[in-house]
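Taken straight from Swiss-Prot:
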ACT_SITE  Asp254  active site, proton donor
ACT_SITE  His277  active site
CARBOHYD  Asn59  N-linked glycosylation site
CARBOHYD  Asn184  N-linked glycosylation site
CARBOHYD  Asn224  N-linked glycosylation site
CARBOHYD  Asn262  N-linked glycosylation site
CARBOHYD  Asn274  N-linked glycosylation site
CARBOHYD  Asn301  N-linked glycosylation site
CARBOHYD  Asn328  N-linked glycosylation site
CARBOHYD  Asn365  N-linked glycosylation site
CARBOHYD  Asn373  N-linked glycosylation site
CARBOHYD  Asn406  N-linked glycosylation site
REPEAT    208-239  repeat 'PbH1 1'
REPEAT    240-261  repeat 'PbH1 2'
REPEAT    262-283  repeat 'PbH1 3'
REPEAT    294-315  repeat 'PbH1 4'
REPEAT    326-347  repeat 'PbH1 5'
REPEAT    366-388  repeat 'PbH1 6'
Amino acid sequence: MKFFLATLFASAVSSIAVDRLIPGAQIIPESDTRALLRVGGHHDKYHDRRTITIRPSRNDTDDVSRDFLWGIKHANHGGRLLLKKGEKYVIGRKLDLTFLDDIEVQLDGELKFTDDVSYWQENNFYYDFQKSITFWRWGGKDIKIFGTGLLNGNGQRWYNEFAGQEILDPDNEYYRPILFLTENATRISVEGITQLNSPCWTNFFIQSKDVSFDDVYIHAFSTNKSALPKNSDGFDSLNVDGLTVTNTRVDVGDDCFSPKPNTTNIFVQNLLCNNTHGVSMGSIGQYPGVMDIIEHAYIENVTLLNGQNGARLKAWAGQDVGYGRINNITYKNIRIENTDAPVVLDQCYFDIEAAECAQYPSQVNVTNILFENISGTSSGKNGKVVADLVCSPNAVCSDIQLKNINLTSPAGSPPEIVCEGVQGDIGVECQASAD
């Protein structure tokens, strides 16, 4: 009798599991190692898990958003969603994935968003901060995304239609989606994948804790020379504690790494930035009456090539802006080549005339900053100046140190370091701004 009841129960459970499947999907238990290996649902860095597969898209218009959401829900609480190598999965509907708890997503294929601009302009997740929108949002705890695959923002149409516009223009109403966004996420990691052609910022982390990226390649390029990618930052953050980026390469045409307000405990190591606006702290201080901070950052072993800026601190100035501090930041072992402004403190951000900046200076304090072992060349665009540290008269800039700086300029020798309004000895000879 016991055997009969057990058999009946097992049969019922199996029947329920089959009934829950959608066409083209599969649920493989963690004990079935052969089946896991057959589909590629195995990774030596992570233990075997219940693995879910879904059907791939037949073409670039075959939206599998509902299948993807089904797969995420069934992989939640201890499972893994596998997106197979050689397959494409097209997402054409916004997805709220903020319910996650102990899940892995193995991205070995291509996950691609549609470029239906009219749909995404009306259907997205909107955030007031710099009028940000996204295709989807990820949240919850213990989330791992890994693999050898591609997350494709399909940005070319967005580049074409946004050409000549500016994201920070108060009249701008052409909002472009962020490729990957977390909100209220704790312990989320991304490893091994490529992120391609985000319409706007590539990654934006909001109200999250312990975010890590390792061995990721981020690239944004355009096939239209008159419509290049714009605002395609590699990494941005807002209200985040614990942000780590290691062994990563970024080629985007805007900020390589740029934590925004209230980001603390930052660690960056072994980062290569090509054709970017640099590794920036900020910008902060944008919104009237609001206090922002960036604090406790350690940036080490970074290479910056062919860019606008290298190591940069940036804060807003103007009549209606905020205040705050950038504190305890270390840039160490930084190699910079062919870069307009290798080391810069910019407290006249953004797009503000010198007269207005002088009338309404930044109120962001900059303290405990170390630039150590910085070497390479500028582009010569700013003459012989290789470091430009000009502090706002309405802010405190103190304990700023430059050690072992070996930067040269093709504009001539000796290279010049500008410092103005900085309290105390900065460790090297410097001169006042010529402006």
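Cβ coordinates come from backbone N, Cα and C, glycine included.
Taking the features listed in Swiss-Prot, we show where each one sits on the structure.
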{"residue": "Asn59", "record": "N-linked glycosylation site", "DSSP (3 states)": "coil"}
{"residue": "Asn184", "record": "N-linked glycosylation site", "DSSP (3 states)": "strand"}
{"residue": "Asn224", "record": "N-linked glycosylation site", "DSSP (3 states)": "coil"}
{"residue": "Asp254", "record": "active site, proton donor", "DSSP (3 states)": "coil"}
{"residue": "Asn262", "record": "N-linked glycosylation site", "DSSP (3 states)": "coil"}
{"residue": "His277", "record": "active site", "DSSP (3 states)": "coil"}
{"residue": "Asn301", "record": "N-linked glycosylation site", "DSSP (3 states)": "strand"}
{"residue": "Asn328", "record": "N-linked glycosylation site", "DSSP (3 states)": "strand"}
{"residue": "Asn365", "record": "N-linked glycosylation site", "DSSP (3 states)": "strand"}
{"residue": "Asn373", "record": "N-linked glycosylation site", "DSSP (3 states)": "strand"}
Inter-residue C-alpha distance, Asn184 (N-linked glycosylation site) and Asn373 (N-linked glycosylation site) (nearest angstrom): 36
Cα separation, Asn301 (N-linked glycosylation site) to Asn224 (N-linked glycosylation site) (Å, whole number): 33
Residue from Asn59, Asn328, Asn373 whose C-alpha is spatially nearest that of Asn301 (N-linked glycosylation site), among the glycosylation sites: Asn373
Ranked first among 262-283, 326-347, 366-388 for CB pairs under 8 angstroms with the repeat 'PbH1 4' (294-315): 326-347
Beyond the flanks of the repeat 'PbH1 6' (366-388) by 6 or more, those residues with Cβ under 8 Å of it: 304, 310-311, 313, 315, 325-345, 347, 395-418, 430, 433
Candidates Asn59, Asn274, Asn328, Asn373 (glycosylation sites) with Cα within 10 Å of Asn406 (N-linked glycosylation site): Asn373
Nonlocal neighbours by CB distance (under 8 Å) for Asn59 (N-linked glycosylation site), same chain, sequence gap 6 or more: Val90
